[in-house]
Amino acid sequence: MACERESPVTPRLGGKTALVTFVAMIFAFVGETQLTQYVQTTLGYQHSFFLFYVVHSSFALSFPLHLGYLLLTTHHSPRTMMSGLSNIITAQLTLRDPRIVHSSRFPLSRFLVVILVMTVIYSIPALLWFIAVVYAPVTDVTAIWNANAFFAYVFSVKLLNLKWSLIRMCAVCLATVGVLTIVYGDSTPSSTTAPVVRRTTVAQTSAPLFGDILTLVASVIYGLYQVLYKKYAALPSDLEPAAEPTQYSHIPVSAAGDEEIVSLPLLASNQVTHALPFGLHPNFLTASMGVCTLFVLWVPLTVLHYYGIEEFALPSNMVTFVAIVGICITGVIFNASFMILLGVWGPIVTSVGSLLTIVLTLISDLMLHSVGLTAWGLLGAGMIVGAFTVLAYDMF
């Protein structure tokens, strides 16, 4: 079947499925943020590391749930999908090692090291986020955290060898200014209307500057993680717009029927092809990070309890327990969705798109806490929406 071939640098945008994933991501992040602060402030369950441990361990559910969904709704066989994942990961981890070109064995030790490194780099900003929501207002945390879009852009240019783009740079800067507008626009003492970003009571946030600093550090590290994930972990078929096209190749459509299959070029003459269901590979990595968290990061939990830094204590009532379950559910949805979109859309568009969580947080503050929207809040939200619109238009 003849058809016109697209340029190798054209991004695989994921269609409607990616858009649904994006919507789920931004709603899940707002839900996770509100529930986390509710548990640690209103309910008084201030066990940041334990919450982090439970939520990130629950990432292990993302792959089994995705696999079960595919088995119930499609004709994919589990053996075929697992075999495809094994072949792809083997190709990724052995691509540059000529000593194991002819080996088909799964590089388990390398895979475990990669997952451990990913878990550590991802856990540091996440843990800082869980601590920050105790000290800083929820909208501050959301705003500063999502400033990782700027850092993701800088790291992308440096590490992914992307060319500086005036449109993208302006869009990222516009989004960053929008964040600053929301956080600081109405923070003057003479303001007669309680600004939306300061709606949390003083009793709940006794050290907002400390919380803001923690969130800023987390934002920088998270921006770096996104780019490292894109460069080393995402499938090479998920091309970042404007990336250099020299390292990827495509199998002709005639060789794969009506479905385009992207190949991973191995050293020598071997070639591994893949046509996995949407999001299965990143969900496998997310679940692997959850398993790593479960079996490795319990050690700091015991150390913190032993030295009295954070005493281990289970929830004392059903309300707290249910709220923590809600944090786990929204956390799994957000992180699984984010990992998928990092591969499909790349770190720049995905991180700027996640800034829309600020707009939703403003709305949730209005609905849950009866806080009025200010002109600065509306202006900042408009800047963020406009920046994402520019990036989305540029990408599409």
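Yeah, the Cβs are placed from backbone N, Cα and C, and that goes for glycine too.
TrEMBL lists 12-30 (among others) with the feature transmembrane segment.
Long-range neighbours of the transmembrane segment (50-72) within the same chain, counting only residues 6 or more positions beyond its ends whose Cβ lies under 8 Å from a Cβ of the stretch, are 32, 36, 39-40, 78, 81, 123, 126-127, 130, 277, 279-280, 283-284, 286-291, 293-294, 297-298, 301, 310, 312-313, 324, 327-329, 331-332, 335-336. Per TrEMBL, the feature transmembrane segment maps to 50-72 (among others).
What TrEMBL lists as transmembrane segment is 111-136 (among others).
Taken from TrEMBL, the feature transmembrane segment covers 142-159 (among others).
Away from its own ends, the transmembrane segment (166-185) comes close to residues 139-140, 143-144, 146-147, 149-150, 153, 195-197, 348, 352, 355, 358, 362, 374, 376-377, 379-384, 386-388, 390-391, 394 of its chain (Cβ-Cβ under 8 Å, at least six residues beyond either end). Among the features that TrEMBL reports, transmembrane segment is placed at 166-185 (among others).
Per TrEMBL, transmembrane segment is recorded for 205-225 (among others).
Residues or ranges marked as transmembrane segment in TrEMBL: 284-307 (among others). Long-range contacts of the transmembrane segment (284-307) within the same chain, counting only residues at least 6 positions beyond its ends with a Cβ under 8 Å from a Cβ of the stretch, are 49-50, 53, 56-64, 85, 111, 115-116, 118-119, 122-123, 233, 335-336, 339.
TrEMBL lists 313-334 (among others) with the feature transmembrane segment. Counting same-chain residues at least six beyond the ends of the transmembrane segment (313-334), those with a Cβ under 8 angstroms from any Cβ of the stretch are 24-25, 28-29, 31-32, 35-36, 38-39, 43, 45, 47, 50-51, 54-56, 58-59, 61-62.
Annotation comment: TrEMBL describes 341-363 (among others) as transmembrane segment.
Per TrEMBL, transmembrane segment is recorded for 375-393 (among others).
Within the chain carrying the transmembrane segment (375-393), a Cβ under 8 angstroms from the stretch's Cβ atoms is held by residues 167-168, 170-172, 174-175, 177-182, 185-186, 195-197, 348-349, 352-353, 355-356, 358-359, 362, all 6 or more beyond its ends.
Across the candidate stretches 12-30, 142-159, 205-225, the maximum count of CB pairs under 8 A to the transmembrane segment (111-136) is reached by 205-225.
Here the transmembrane segment (142-159) has Cβ contacts under 8 Å with residues 29-30, 33, 129, 136, 168-169, 172-173, 175-176, 179, 182-183, 197, 212, 215-216, 218-220, 222-224, 226-228, 230-231, 240, 346-348, 351-352, 354-355, 357-358, 361 of the same chain, all six or more residues outside its ends.
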